[in-house]
Amino acid sequence: MNLPYIYNHYSVKNIMFFVLIASIPAILTECYFFGVVVLIQILLFIIFSLLFEIIILKIRGKNIKNNILDNSSIVTAVLLGLSVPATLTWWMIMFSSFFAIVVAKHLYGGLGQNIFNPAMVGYAVLLISFPLYMSACYKENTKLFSLDDVTISINKIFFQTSKSDVFIDNDPDIFTKATPLNDFKNKSRASYNTSLENISLKNKKIIIFSSWNYINISFLLGGFFLLYKKIICWRIPFSFLFSLFIFSTINYFFSTNLIVCPLFHFFSGGTMICAFFISTDPVTTSYSNIGKIIFGLIIGFLVYIIRNYSDYPDGIAFSVLFGNMIVPLIDDFLKTSGYGHKKI
């Protein structure tokens, strides 16, 4: 099975395989900071996604082997596992996988026919349904892959009994958003421009900020690999980052209530995973080159708006889903037809 509007010499299976290879730096980085819980969550997302894929394919009377082997469900699962905080229970992971695979993907006809990005649908459902868990922070792991690390991770995922189990050490100062975006939202230009070296490292939120720098860099490296292999088109990630940079720069110089410097947005939250792994999904974006640029610009603008003027610390999921929703309008405006259809 080929996607003619990408690169004919790559099958869907190979495209998905390269995306998985590109995600390895991010997986290793997140494991370094947060421990084995990241691997367990990704594994559970893969198991539940494949399970729901098999069930729905059986119900629809489709060939299970051919559809499973295209790796698309595994990619969705891995992206979900890398996007969510390490505070979810196993049944939340199952809940998210159901919406990603059954509702977002197969309700619209399966791979190649879905309107919305499945991973972002699964993420948005969690964000709306379980905001406490999705906004909880967690310490960097200091006992990587030790017996304590494995034990704590298993207890967190399989044996959480109350909401208080989400939080770390019952320290209210840690109960911030999943990234440092919300922490810096209400800070002035002067306070942010103070070098991080002058801020006490005893502030755990600053430590988390440091980890998300490295996580975004790891996604950036994976994105460069995808560009090098010509798996994704450069127009969407660069227009997305350009739009985010331009609007945050305007705010930086002209707003009296400055939030952070423009480059902060590049290496915080889900910026790089959105730029290179989420927004570049070929099925849910525009067919034309100009449409891809418009799509990226819109997502970048929406991420900026949500980060700065809403209660959500990051706006990746909602921005991408809104962009997916208006893709048909973009293509119609540009008079771009889907493959297999004549232009009207």
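Note: Cβ is positioned from N, Cα and C throughout, glycine not excepted.
Keep in mind that TrEMBL annotations are predicted by a computer and have not been checked by a curator.
Sequence-distant contacts of the transmembrane segment (12-28) (same chain, at least 6 residues past either end, Cβ-Cβ under 8 Å): 1-3, 6, 38-39, 42, 69-72, 74-75, 78-79, 82, 111, 215, 218-219, 221-223, 225-226, 229, 231, 273, 276-277. If you look up TrEMBL, you'll see 12-28 (among others) marked as transmembrane segment.
Residues or ranges marked as transmembrane segment in TrEMBL: 34-56 (among others). Outside the transmembrane segment (34-56), and at least 6 residues removed from its termini, the chain residues within Cβ reach (under 8 Å) are 27, 64, 67-68, 73-74, 76-78, 80-82, 84, 86, 88, 90, 93-94, 96-98, 100-102, 106, 138, 140-141, 143-145, 149-150, 152-154, 156-157, 211.
With a threshold of 8 Å between CB atoms, the same-chain residues lying at least 6 positions outside the transmembrane segment (68-84) that come near it are 1, 12-13, 16-17, 19-20, 23, 26-27, 30, 38, 41-46, 48-50, 53-54, 57, 96-97, 100-101, 105, 111, 118-119, 122-123, 126, 134, 270, 273, 277-278, 316. Under the heading transmembrane segment, TrEMBL lists 68-84 (among others).
Here the transmembrane segment (115-134) has Cβ contacts under 8 Å with residues 76, 79-80, 83-85, 87-89, 92, 95-97, 99-101, 103-105, 108, 163, 166, 178, 278, 281, 284, 312, 316-318, 320-321, 324-325, 327 of the same chain, all six or more residues outside its ends. What TrEMBL records for 115-134 (among others) is transmembrane segment.
The FMN phosphoryl threonine annotation in TrEMBL covers Thr179.
Feature annotation from TrEMBL assigns transmembrane segment to 206-227 (among others).
Taken from TrEMBL, the feature transmembrane segment applies to 234-253 (among others).
Under the heading transmembrane segment, TrEMBL lists 259-278 (among others).
Annotation comment: TrEMBL describes 290-309 (among others) as transmembrane segment.
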- Task: Sort out the residues at least 6 away from either end of the transmembrane segment (290-309), same chain, that have Cβ-Cβ distances under 8 Å to it, and list them.
- Result: 181, 185, 233, 235-248, 251, 259, 265, 269, 271, 274, 279, 315-316, 318-320, 322-323, 326-327, 330-331, 334, 336
